[in-house]
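Asker: As annotated by Swiss-Prot, region 'Disordered' applies to 1-57, 155-227, 266-288, 379-423. Look at Swiss-Prot and you will find 9-23, 189-208 tagged as compositional bias 'Low complexity'. Annotation source Swiss-Prot lists compositional bias 'Polar residues' at 46-55, 211-221. What Swiss-Prot lists as region 'RNA-binding' is 52-193, and the listing cites sequence analysis. Taken from Swiss-Prot, the feature domain 'CoV N NTD' covers 60-189. Per Swiss-Prot, the feature RNA binding site maps to ARG105, ARG121, ARG163. Taken from Swiss-Prot, the feature phosphoserine applies to SER166, SER190, SER386, SER421. What Swiss-Prot records for THR173, THR425 is phosphothreonine. The feature domain 'CoV N CTD' is assigned by Swiss-Prot to 256-379, with sequence analysis given as support. Positions annotated as region 'Dimerization' by Swiss-Prot: 263-380.
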Amino acid sequence: MSFVPGQENAGSRSSSGNRAGNGILKKTTWADQTERGNRGRRNHPKQTATTQPNAGSVVPHYSWFSGITQFQKGKEFQFAQGQGVPIASGIPASEQKGYWYRHNRRSFKTPDGQHKQLLPRWYFYYLGTGPHAGAEYGDDIEGVVWVASQQADTKTTADVVERDPSSHEAIPTRFAPGTVLPQGFYVEGSGRSAPASRSGSRSQSRGPNNRARSSSNQRQPASAVKPDMAEEIAALVLAKLGKDAGQPKQVTKQSAKEVRQKILTKPRQKRTPNKQCPVQQCFGKRGPNQNFGGSEMLKLGTSDPQFPILAELAPTPSAFFFGSKLELVKKNSGGADEPTKDVYELQYSGAIRFDSTLPGFETIMKVLTENLNAYQDQAGSVDLVSPKPPRRGRRQAQEKKDEVDNVSVAKPKSLVQRNVSRELTPEDRSLLAQILDDGVVPDGLEDDSNV
């Protein structure tokens with residue numbers, strides 16, 4: 001009597017047509033349907049455990065269980081004594097013996113052109129089956145780790161049939177309680193085979209006609225995700241992160257300008273202000289109709305650390321439409337030289353209600369107090385976002401410079417001359433007449449009142 005994993009009290013149900021003369025299952029590739037897809041094509045030599053290339057993607061035999069993948073380099077794959085045999089219903093403890101076989105996976109090309117080898121994946125085979133069916137328990141074989149339960153007799157082979165993929169799906173790998181998984185490894189795809197198994201059982205219960213249609217629907221296109229593809233994508237992402245993670249992203253004037261232009265091209269109600277495009281550039285200056293935002297929040301926009309707690313108060317789209325008073329108003333279009341277009345405003349008014357039981361209530365009140373009508377406190381100060389002066393062309397700037405060079409600049413007036421409008425008194429005129437040799441007061445010093 002041979003045992004079948006996953007079936008209670010199962011007899012020998014193995015398919016003799018899938019066995020070679022030495023009792024080993026036929027070699028195949030990852031997908032169960034590869035052999036059917038290659039019908040009519042040129043036959044290639046089958047790979048064995050000894051001829052499998054180091055970078056190959058071929059799994060020589062079908063394991064009853066999903067694999068265990070290594071994700072950290074330099075880690076050793078080993079289990080404590082009495083541990084490491086996957087558990088499956090229908091297999092007694094005396095037959096829980098076998099080995100883990102290391103499968104070397106293919107390499108991939110990184111963005112910088114280098115080839116990187118994927119870390120290996122391990123598969124379990126019962127003693128007397130798999131790529132080393134003729135080996136005895138404990139033989140020193142490269143890429144093989146022997147495991148057995150305490151009750152198993154390792155001197156005899158396990159009375160377990162080999163898996164026929166047309167009849168049995170792979171079982172997600174599970175271990176007995178207390179088993180310690182080797183560090184740097186994880187169990188691969190615990191639910192990868194379950195959907196196919198359930199759909200197959202449903203198709204069998206529907207009858208022969210539906211069964212044929214169901215099998216045709218399960219055919220995978222050429223672009224379907226392969227088991228190794230997830231690891232390749234993850235490795236590419238990690239390689240990219242490892243290359244750029246230590247380099248802080250620098251914001252240049254050009255990049256800031258691009259971000260600002262991208263934001264301003266959006267409709268006004270879809271803009272999100274930040275450091276590159278402040279609040280007043282997105283929504284205009286603060287005033288009675290737009291009265292929220294202190295100096296710091298106007299500069300940082302949504303990047304302000306206080307903004308997320310305010311965002312919790314923002315209404316949802318449904319609350320906006322169903323909890324507000326809405327009014328559709330038609331506005332005048334642009335000037336006479338602009339094309340005619342209909343412009344509308346959806347004007348709204350509503351309220352956001354909250355009480356002191358709201359988490360972060362005190363912080364919310366503090367932030368609201370600091371930012372509501374903050375423009376009134378800054379009315380006498382310079383605008384936070386002052387418009388930049390228009391750039392002068394090179395020729396215009398040179399002409400301006402020449403004008404300045406050709407003008408004789410008078411000395412600045414003294415404080416007395418700037419602040420006091422003086423009138424000459426008779427005493428002043430007499431004093432000046434004594435100073436001047438000719439005794440005549442210059443016209444420039446005559447009393448303004450006589451002009």
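Positions of Cβ are set from backbone N, Cα and C atoms, glycine also.
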Asker: Can you tell me which of the modified residues SER166, THR173, THR425 is spatially closest to ARG105 (RNA binding site)? Compare CA atoms only.
Answerer: THR173
Asker: To the nearest whole angstrom, state the Cα distance for the pair THR425 (phosphothreonine) and ARG121 (RNA binding site).
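Answerer: The separation of the Cα atoms works out to 110 Å.
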Asker: Starting from the Cβ of THR425 (phosphothreonine), draw a 10 Å sphere and report how many other Cβ atoms land inside it.
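Answerer: Excluding its own Cβ, the number within 10 Å is 10.
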Asker: Helix, strand, coil: count each for the residues of the domain 'CoV N NTD' (60-189), based on DSSP.
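Answerer: The domain 'CoV N NTD' (60-189) comes out at 3 helix, 33 strand, 94 coil.
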Asker: In this structure, which of the modified residues SER166, THR173 has the fewest other Cβ atoms within 10 Å of its Cβ?
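Answerer: Output over modified residues SER166, THR173: least Cβ neighbours within 10 Å is SER166.
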Asker: By DSSP assignment, list the helix, strand and coil residue numbers for the region 'Dimerization' (263-380), in that order.
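Answerer: Output for the region 'Dimerization' (263-380) reads 46 helix, 16 strand, 56 coil.
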Asker: Using a 10 Å radius around each Cβ and counting other Cβ atoms from all shown chains, which of the binding-site residues ARG105, ARG121, ARG163 yields the largest count?
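Answerer: Of ARG105, ARG121, ARG163, the one with the most crowded Cβ is ARG163.
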Asker: Please report how many Å separate the Cα atom of SER166 (phosphoserine) from that of ARG121 (RNA binding site), as a whole number.
Answerer: 23
Asker: Taking the Cα atoms as reference points, how far is THR173 (phosphothreonine) from ARG163 (RNA binding site) in Å?
Answerer: 15
Asker: Return the maximum Cα to Cα distance in Å (whole number) over the record's RNA-binding residues: ARG105, ARG121, ARG163.
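Answerer: So the binding residues stretch over 22 Å, Cα to Cα.
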